[in-house]
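Q: Sharing the feature lines straight out of TrEMBL:
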- Met10, Ile11, Gly12, Asn13, Ser14, Arg15, Leu16, His17, Thr131: ATP binding site (BINDING)
- Tyr102, Gly106, Ile107, Asp108, Arg109, Thr184: substrate binding site (BINDING)
- Asp108: active site, proton acceptor (ACT_SITE)
- Asp128: K(+) binding site (BINDING)
Amino acid sequence: MSKSHWLALMIGNSRLHWAWFIEEVLQFAWDTEYLPVSVVQNLASCQNITDFSRKILAPGAINITLPPIYLASVVPQATIIWQTYPNLHEITLDQVPLQGVYPTLGIDRALALWGAGATWGFPALVIDAGTALTFTGANSDRTLVGGAILPGVRLQFQSLGERTAALPVVSTPKSLPPRWALNTPESIQSGVIYTLMAGIKDFVCDWWQAFPRSCVAITGGDRALLLNYFQAQYPDIAAKLTSEPHLIFQGIRCYWVSRGE
Ligand SMILES: Nc1ncnc2c1ncn2[C@@H]1O[C@H](COP(=O)(O)OP(=O)(O)OP(=O)(O)O)[C@@H](O)[C@H]1O
Ligand SMILES: CC(C)(CO)[C@@H](O)C(=O)NCCC(=O)O
Ligand SMILES: [K+]
């Protein structure tokens with residue numbers, strides 16, 4: 001029997017996250033920007049698979065087998081266009097085996113937590129450093145304990161620069177800036193970064209008080225950046241964090257396996 005190839009697509013608020021799987025093994029992961037409007041319109045105009053492959057996938061090709069796409073999205077408007085894809089499996093919250101979730105919990109948070117628990121066991125806490133930064137934790141019964149949502153690193157710099165007259169939009173520093181800054185850009189960098197780290201430290205320490213041996217996993221676009229800062233400022237905590245770039249894909253993999261494909 002031939003092995004099944006499939007794609008995972010996570011639609012985040014900044015970009016699309018893709019992974020190519022063969023059976024339950026992740027082969028390759030990449031990010032893309034949102035598709036240009038012209039492509040989306042073209043996609044929406046497709047009537048069927050042949051049309052789709054002719055217009056979008058491989059103009060000129062005749063017989064193309066479209067791989068199944070397992071899709072999870074936190075951007076409803078962006079989901080709509082993918083519903084025209086002929087071999088789409090949309091993952092929803094009720095398909096994630098966690099107890100005590102509330103109806104509006106983001107599917108990315110649920111999947112990352114499932115992925116973390118399946119990999120390192122429950123209890124588990126996930127820090128997802130994306131457009132928004134989230135904490136999401138479950139206890140040893142796989143019941144959601146709860147979490148928190150705050151603006152992500154880039155969004156904090158952007159919103160500060162865009163909603164004030166005198167403050168520029170500064171870039172995210174690669175390494176820890178000086179705490180006591182003597183110019184405007186570094187003052188902003190200091191304020192955002194040191195406050196963010198103190199906040200993360202406080203959440204993580206509170207979690208470890210309740211669940212001393214719990215895995216705390218960090219994922220998302222700013223994962224490596226934050227880990228760098230932590231190594232410089234709080235190396236003891238950095239050493240106890242588990243860094244995993246593809247936690248959401250681990251969750252999607254669990255879903256794929258649970259379907260018994
Ligand atoms: N090309 C890029 N586009 C957007 N963000 C990027 C890029 N490269 C690095 N980043 C960083 O990644 C963060 C966004 O993370 P990520 O891509 O995981 O977010 P997302 O698309 O909203 O996904 P999710 O919804 O899963 O958090 C930003 O704060 C930014 O600093
Ligand atoms: C918090 C984000 C934006 C993080 O990607 C996403 O998980 C989401 O839209 N969540 C819905 C609200 C909630 O999780 O409570
Ligand atoms: K909104």
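Using N, Cα and C of the backbone, Cβ positions are placed for all residues, glycine too.
Caution: TrEMBL annotation is automatic and unverified by curators.
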Q: Cα-Cα, whole number of Å: Thr131 (ATP binding site) versus Asp108 (substrate binding site)?
A: 12
Q: Let me know the DSSP-derived helix, strand or coil state of Ile107 (substrate binding site), please.
A: helix
Q: Looking only at Tyr102, Gly106, Ile107, Asp108, Arg109, Thr184, which the record lists for substrate, tell me the maximum pairwise CA distance in angstrom.
A: 41
Q: Within the same chain, and leaving aside Met10, Ile11, Gly12, Asn13, Ser14, Arg15, Leu16, His17, Thr131, name every residue whose CB is within 8 angstroms of the centroid of the CB atoms belonging to the recorded ATP site, in sequence order.
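A: Along the chain, the qualifying residues are Asp31, Val74, Val75, Gly130.
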Q: If I restrict to non-local contacts, at least six residues apart, and a C-beta distance under 8 angstroms, what lies near Met10 (ATP binding site) in its own chain?
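A: Looking at Cβ-Cβ distances below 8 Å from Met10 (ATP binding site), excluding near sequence neighbours, one finds Leu16, His17, Trp18, Leu71, Ala72, Ser73, Asp108, Leu111, Ile248, Phe249, Ile252.
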Q: Suppose we draw a 10 Å sphere around the Cβ of Leu16 (ATP binding site). How many other Cβ atoms does it contain, all chains included?
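A: The Cβ of Leu16 (ATP binding site) has 19 Cβ neighbours within 10 Å.
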Q: In whole Å, how far is Ser14 (ATP binding site) from Thr184 (substrate binding site) when you measure between their Cα atoms?
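A: For Thr184 (substrate binding site) versus Ser14 (ATP binding site), the Cα atoms are 27 Å apart.
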